[in-house]
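Database features (TrEMBL):
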- 38-386: domain 'Orn/DAP/Arg decarboxylase 2 C-terminal' (DOMAIN)
- 43-279: domain 'Orn/DAP/Arg decarboxylase 2 N-terminal' (DOMAIN)
- 67: N6-(pyridoxal phosphate)lysine (MOD_RES)
- 359: active site, proton donor (ACT_SITE)
Ligand SMILES: Cc1ncc(COP(=O)(O)O)c(C=O)c1O
């Protein structure tokens with residue numbers, strides 16, 4: 001394989017996948033001591049997600065939530081495909097606008113904004129912005145010339161993995177007062193937004209929130225507002241490795257939209273997906289840099305004690321919770337690795353834990369799992385690592401963030417270019433299938449209390 005570098009990504013040669021790039025990088029660095037952690041990001045996976053989105057939610061324009069992963073390559077790919085963007089800050093607006101995205105494709109979706117950043121949005125033509133309080137209305141009236149305001153309402157996100165309505169969103173009973181205040185200030189309220197919480201586990205939350213949004217539209221109409229925008233936020237899964245699949249959620253959303261916001265209502269519907277677009281595109285590969293063997297009698301030993309299973313292996317790898325695995329702390333993620341080295345079928349499994357490289361005891365990636373006996377220098381592979389990982393990673397203790405190698409196949413790239421120039425045509429099954437897919441890999445790492453098994 002000889003990937004051709006163009007811009008900041010490489011083309012995959014025909015017949016090669018992102019998985020082959022991982023193998024190549026591992027082979028290259030395995031002959032040296034320089035076995036740094038790295039990512040491979042398959043931009044073609046983002047294209048597939050976009051096709052999946054347009055197929056399942058044909059009425060909804062995605063405004064990608066930049067906070068989830070602000071990599072320039074990701075944002076460029078999405079901008080080429082014509083998505084909009086949910087920006088939460090001046091810096092995110094700058095990033096998106098630096099790629100030539102028109103301000104009409106940006107929603108400043110942070111209900112609590114710094115005055116200087118409201119002024120920045122105003123000066124740079126960003127009009128759509130959310131609010132959920134009277135104070136925010138006062139700031140916008142004073143510091144923005146021509147805002148198109150979107151009232152964010154609270155949802156019952158008690159079943160979501162990451163709750164947001166504890167911080168943002170007006171209660172339904174407060175909405176009339178807020179709309180009256182906006183009218184008194186001469187502000188233009190164009191619609192309603194909500195977020196069901198990131199990692200939604202109950203699709204009914206969407207239908208309830210859509211029905212609540214309808215009530216707010218009706219109040220708005222009574223008060224003389226011409227509302228024409230519904231923003232259903234994020235909350236969609238980033239991989240199929242979850243109980244509630246994307247299409248199960250969309251099969252609840254679509255009828256709710258048809259009931260409360262039928263096509264002839266002429267309401268434009270947008271969403272703010274983050275995790276959905278990027279999680280599965282990124283694979284993180286880490287190296288075991290140290291190992292400690294704890295014998296059952298509590299004697300720690302650095303030596304191998306072949307043949308006994310009465311021990312726990314502690315592995316230390318070169319990325320941790322202060323880096324990519326901050327998602328364990330901030331995003332409530334549960335990360336389990338795949339083994340790079342294929343073990344023999346009769347190889348014994350040992351209880352083990354996996355730790356990051358810093359000096360903090362909090363820096364633990366996996367508390368308990370079972371794996372074959374691994375050595376310093378072996379590699380572990382973590383899939384679905386694109387959402388809320390690199391975006392919040394620090395360099396605490398001097399540990400650098402992993403390099404990221406962006407790849408895309410020629411057919412995928414041609415497809416992105418076609419969408420860029422011609423717009424999207426209703427994708428069909430065969431169109432999705434002709435794009436290269438991630439290969440499966442043996443999963444031999446088990447969570448506690450489950451019998452060891454291999455899933456191919
Ligand atoms: C306002 C807003 N929109 C969209 C998102 C993206 O959510 P998700 O990654 O669940 O799609 C978030 C995440 O925190 C958010 O706060």
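FYI, residue positions are counted from 1 along the chain as it appears here.
Glycine too: its Cβ is placed from the backbone N, Cα and C atoms.
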For the residue listed as 'N6-(pyridoxal phosphate)lysine': intrachain residues, at least 6 apart, with Cβ closer than 8 Å: 86, 88, 92, 274, 391
Below 8 Å Cβ to Cβ and six or more residues apart, same chain only. Which residues does that give for residue 359 (active site, proton donor)? 397
Take every residue in the domain 'Orn/DAP/Arg decarboxylase 2 C-terminal' (38-386), average their pLDDT values, and give the whole-number result. 95
